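Worksheet: the structure to be examined is printed underneath.
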């Protein structure tokens with residue numbers, strides 16, 4: 001491994017650990033909102049901080065997930081739980097810090113997950129998918145344990161989309177031989193998109209509801225055909241009068 005690869009590996013680890021700490025704090029805050037004890041704080045912090053990385057490393061099938069081989073990952077997750085346990089984050093300033101922390105964590109993990117997939121020899125599309133999984137996986141696991149619909153599934157401001165954009169940027173710049181610059185750009189742009197989405201309320205559309213078509217020539221004929229076919233003794237396409245033998249008078 002040459003010096004460039006060593007620097008890149010160290011940089012990825014720093015970015016990965018920053019994402020662990022950020023999401024662990026957010027997991028602890030979720031535990032505080034649910035009024036859990038210290039055990040609940042630690043478990044949710046570990047799930048939130050390490051869940052995405054564990055899913056990523058398991059899918060890469062390159063040995064034991066780094067969260068279990070490098071003690072710094074567990075230490076950072078527990079540190080996040082302790083911070084959230086003793087600090088309430090209720091002031092306006094702390095709330096803004098949490099929003100910024102959450103946004104930065106999205107970019108950090110999208111960059112780290114994408115780069116690890118590229119280093120493992122995967123193509124651009126799997127790398128983007130693993131970048132997104134790394135960014136949103138921990139939050140999804142945390143929400144499921146709290147019996148909530150994961151926030152990334154809709155109805156909230158852009159989150160997975162920010163990870164998607166950051167992962168694409170990471171792939172493009174890495175292909176140009178600029179992985180470190182790519183990670184910086186991915187982190188900043190992913191965070192910026194998340195913050196702008198919160199500021200302006202950007203969300204993705206949910207289901208599409210098409211208007212009921214007016215009964216034109218074809219739809220009207222098909223409607224009459226189906227109605228006739230459902231009446232006993234009627235032939236498809238018959239009108240009501242024809243099915244009744246031409247006598248439509250009421251008795």
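Each Cβ is built from the backbone N, Cα and C atoms, and glycine gets one as well.
Those TrEMBL annotations? Automatic predictions, nothing curated.
As recorded in TrEMBL, the features of this protein are as follows:
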| type | residues | note |
| --- | --- | --- |
| TRANSMEM | 12-31 | transmembrane segment |
| DOMAIN | 14-87 | domain 'Glycine transporter' |
| TRANSMEM | 38-60 | transmembrane segment |
| TRANSMEM | 72-90 | transmembrane segment |
| DOMAIN | 100-173 | domain 'Glycine transporter' |
| TRANSMEM | 121-141 | transmembrane segment |
| TRANSMEM | 153-172 | transmembrane segment |
| TRANSMEM | 178-197 | transmembrane segment |
| REGION | 229-251 | region 'Disordered' |
| COMPBIAS | 238-251 | compositional bias 'Basic and acidic residues' |
- For the transmembrane segment (153-172), could you work out the same-chain residues 6 or more beyond its ends whose Cβ comes under 8 Å from its Cβ atoms? 103, 106-107, 109-111, 113-115, 118, 124, 127-128, 131-132, 135-136, 139, 179, 182-183, 185-187, 189-191, 193-194, 197-198, 201-204, 206
- Message: Short question: most Cβ pairs under 8 Å with the transmembrane segment (72-90), which of 12-31, 38-60, 121-141?
- Response: 12-31
- For the domain 'Glycine transporter' (14-87), what is the mean per-residue pLDDT, to the nearest integer? 90
- Grouping DSSP H, G, I as helix and E, B as strand, the residues of the domain 'Glycine transporter' (100-173) number 59 helix, 0 strand, 15 coil
- Note on the structure: In DSSP terms, the domain 'Glycine transporter' (14-87) comprises 63 helix, 0 strand, 11 coil
